Amino acid sequence: MADQADSAGATDTAGVAQAPPPTQALPPAVRVEGLWKRFGEQVAVAGIDLELPAGRFIGLVGPNGAGKTTTLSMVTGLLRPDMGRIEVAGHDVWRDPVEVKSRIGVLPEGLRLFERLSGRELLGYTGRLRGLPGAEADRRATQLLDVLDLAGAQHKLVVDYSTGMRKKIGLASALLHNPEVLFLDEPFEGVDPVSAQTIRGVLERYTRSGATVVFSSHVMELVESLCDWVAVMAAGRIRAQGTLAEVRGEAASLQDAFLELVGAGVRDTGESLDWLGGAR
Amino acid sequence: MTVLDAPADTAVPAVRGQRLVPVLVGLKLTLLRNGLRLSSGRRAAYVASLVVTLLLAAVQAIGLVALRGHPQAGTLVVLLTAVVAVGWAVMPLFFPSGDETLDPSRLVMLPLRPRPLIGALLAASLIGIGPLFTLTLALGSVIALAHGAAAVAFGVIAVPLTLLVCVALARSVATANIRLLTSRRGRDLAVLSGLVIAVGIQFVNFGVQRLGRAGGMSSLEPVADVVRWLPPASALGAVGSASEGSYGAALGQLLLSVLALGGLVWLWERSLVKLMTAPDGSTVAAAEPSAGRPGADRSGLFSLLPEGRTATVMQRSLRYVVRDPKTKAAWVTALAVGLIVPVLNAVQGSGSVYFACFAAGMLGMQMYNQFGQDTSAFWMVALSVSSTRDAYVELRARALALLLITLPYTVLVTVVTAALLGDWAALPGVMGLSFALLGAMLATGAVASALFPYSIPQDGAFKNVVPGQAGLAWISILGGMVAAAVLSGPVIGLAVWLHVADHQNLLWLLLPVGAVYGTFIGWLGVRLAAPRTADRLPEILAAVSKG
């Protein structure tokens, strides 16, 4: 499957034209080889190989429980794999954390933030931990709060933020140190359309600069409209990866191609629900 | 409009009260069983608490039966019942999510009318460890008090009445407070209320000691004479009155309890209807904080610190001491207990200046499970720690934040204790010992934070460990304390030797020795913990994310 990535540049017909074609000299944003993770009896990630080109807007799609979060956690160094090799921007995540951690930004799903800080304090804290000089961290925080429409709530504690606001402040923390690769786990989950549009705008602008965004989602329409490169996961394995056009293939939409790939065709409910909608 | 307003005779048959009771009782039993099936740790905890409660209940019942005929049995019984009733009233404030069948917001979409629902909820509430304990108390009390057929008759009514009043009390308090408890500020308050208990226990402890000296139960009789007329104790008071032949008083007392039960059920029903027909309070936005709050711009003392990780981490830690209810509760408890124990002992003239070391010990405990205090937000730390050096600076900053409060406080407690006892000669020695102990606690705390992290649940005042990690928490704290005692051994040894060898005039030596030794050992601990932290980041994150 890895060779699909090499052909990605040539067959790129879909989506964002501004994305610079990856050159052979640039190492892939993420390279994963033989990655395994098992929780007790359950195999969450079953030996995946993945090569995500740099400078793209990449969607990692799959049904719930496919192993997307587990994979992203291992790639970002938050979860130790049982087996396998992970490189981000050409550096081994587990052997060379200094190089990797300064190059990545992460918005995990299901993990808390330091919620007893206000939005502005959280950004100040994150920026300084990331080694930015205080004045620079505060300057960037002000701009991010403005762009993400959080300026009005900047002095409110994050614990009182809504889901959409949390995602936005999380995104701001992930972007603050201008990472090369941004990993977002379900960044649009529970986000209202207005906030989603804001997040989208920021991300599109960020990838235009040549940075890579890897985000997971199970909303196909979103992935189809945002991404130029897609990896499909199901049951702990990669079912397909490549440009949007390659993965979509002959199917009418990514949704159809996805259902085909994960083996979930339209089920005929037949007679079993015949009372539903009948006489009351 | 909600289902509560729906006409009773719709096409969908509304569940009638009689059928609702077995449904809810069954639901409660199923939830209990499933909850226990979830993890063996929870099962063990439940069985253990059941056994302990049964033992306690048995001892209590035997004690009460043995008291039969004792002149002060009545006093004891009504006071015990009152204490248990107060427990029932406060319990739901601390364990708001303790009982799922009784969470009315989960039943809001079902076609249920309030009256039958109340009856069924009350019946379901009678299942559990608490009601069992209360039942044995009431039974034992009646056996202790009832003399004569009339008294027994009163007893037969009093036992279920006491139990029902207790349960209805808990339910009405819980339901009335659900709106508060589902808002963030309300939950913060509930978490903080834990320290009221923790500090209160200290005072009760000293109160009981006082009582023991002042002539025992008879000094409580005036209180008991009032409590005898307060429900639910009045139901048992009625049994006592009936035994003494004052049937009028007995009837009055019993009536009071019945009225109380009616009143509580009425209150409960009212707030339940309100709760199920009005919008949920949890989605109401919290009030805007005052605009004057300083932002990330470093203000005050923090501007004095050099830029970089140390100042950033210290500032975050200290903000959490003030803002995070769980951290705040732990700190206030440590500060209060650390002061109360040496000072109250000194006031009573029974203490020694060396008790002041207690403050250092209590405050040093806050270094334990540093990353657990972060909850799963630790990922933000983990992502910014890429070397042993980063981990070292992180841990050192946390220790420094702790010292910023602890050092002056230890000095204060030591000086106050010495002043109260007038034992100024011992002051430098005690202070030196405190510093050594503090350093040792910081050292073992840092190492334990790296090796034995565990999750701190964010809800509930008393849940400080997630089921299944209790062993880890105990190893960490107990082992750490023993290790800290051993580590401060040289200074303790020096203190003992100076006393034994009659070199009291050299006790001041302990101050510089303790300070230097404490600093060294603290530094060494952080130094040792740093590589272990840097190596175990994913494992620590997994361990602290279970809350």
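All residue numbers here begin at 1 and follow the chain in the order shown.
In case you wondered, yes, glycine gets a Cβ from its N, Cα and C as well.
So that you can see what the record holds, here are the features copied from TrEMBL:
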TRANSMEM  B:44-67  transmembrane segment
TRANSMEM  B:73-95  transmembrane segment
TRANSMEM  B:116-139  transmembrane segment
TRANSMEM  B:145-169  transmembrane segment
TRANSMEM  B:189-208  transmembrane segment
TRANSMEM  B:247-268  transmembrane segment
TRANSMEM  B:329-347  transmembrane segment
TRANSMEM  B:399-421  transmembrane segment
TRANSMEM  B:433-452  transmembrane segment
TRANSMEM  B:472-500  transmembrane segment
TRANSMEM  B:506-526  transmembrane segment
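For the transmembrane segment (B:73-95), the most Cβ-contacting stretch among B:116-139, B:145-169, B:329-347, B:399-421, B:472-500 is B:145-169 (pairs under 8 Å). Of the ranges B:44-67, B:116-139, B:145-169, B:247-268, B:472-500, the one with the most Cβ pairs under 8 Å to the transmembrane segment (B:433-452) is B:472-500. Here the transmembrane segment (B:247-268) has long-range neighbours at 118, 122, 150-151, 154, 157-158, 161-162, 164-165, 168-169, 171-172, 175-176, 228-232, 234-235, 237-239, 241, meaning same-chain residues at least 6 beyond its ends whose C-beta is under 8 angstroms from one of its own. For the transmembrane segment (B:145-169), the residues of the chain that approach it from at least six positions outside its boundaries are 68, 73-74, 77, 81, 84-85, 88-89, 122, 125-126, 131, 134-135, 137-139, 231-233, 235-236, 238-240, 242-243, 247, 250, 254, 257-258, 260-261, 264-265, 268, judged by C-beta separation under 8 angstroms. Across B:44-67, B:399-421, B:472-500, B:506-526, the stretch most heavily in contact with the transmembrane segment (B:329-347), judged by Cβ pairs under 8 Å, is B:399-421.
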